[in-house]
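Structure first, commentary second.
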């Protein structure tokens, strides 16, 4: 019997439907409803948000399926869930449950420190993180339908997401400006599939959407990432670690949509209460940097 898989075109098309929107981390049905009411285009069902994963330490695994099911039953928007890098069984379980997307995520403790999942073998579309064009194209080559910056999850610090978005977009501009005979060397230097490097030169952009993630903590952070070329925004710990999650979630959505309306963003940012405290990058030990968990 032939194995059933989704085509790249279908998977990428599904991801394109989320373009311009906000995807929010939630840990229960109540939070999922708040996210949906605020205008989120999708939710990420988790057992713990990244800041709590970071604080707790230990091994972080796929969420309890009960939590994922509760979220799926509570909302009408797409539901995503995270699987550990390289953990075939976690991903297959989530696919069997009927989640709309799987995030092969460095936020969870990697199950395989050498190989990512061959995402083209699955029917469900995958989301993956990247810091540069090499990581981006390797994940697309494996079958990812959506990318996101890795940033530094659970810190409330936008600096790494900014770095990663600028890096990817700068390298895209380099590729677009290359002659055809330079592309093979570029593919080798980036550690990226040659055919995908050629596709970027032809399209002038990535063949999949690239969202901002990892450190988005305020409406201004979300708007900044859209200004820098993000196709949308993931918000992890920022919303439900704030003083007023419903108001904060709505402000993030509006700031993402109207990211050049600075007067509106200023109004949205008033009286939101305190955002999550955040962590300065220099205070993180190297072993605590989630973004370094995969290449």
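Note that Cβ sites are derived from N, Cα and C of the backbone, with glycine treated the same way.
Here Swiss-Prot has 25, 215, 236, 237 binding D-ribose 5-phosphate, and the candidate from 86, 143, 154 in that same listed site is 154. Residue 82 (active site, schiff-base intermediate with D-ribose 5-phosphate) carries a strand DSSP state (E or B). Put simply, of the binding-site residues 154, 215, 236, the one whose Cα is nearest the Cα of residue 82 (active site, schiff-base intermediate with D-ribose 5-phosphate) is 236.
Among the binding-site residues listed here, namely 215, 236, 237, 215 has its C-alpha nearest to that of residue 166 (D-glyceraldehyde 3-phosphate binding site). Counting every protein chain shown, the Cβ of residue 166 (D-glyceraldehyde 3-phosphate binding site) has 13 other Cβ atoms within 10 Å.
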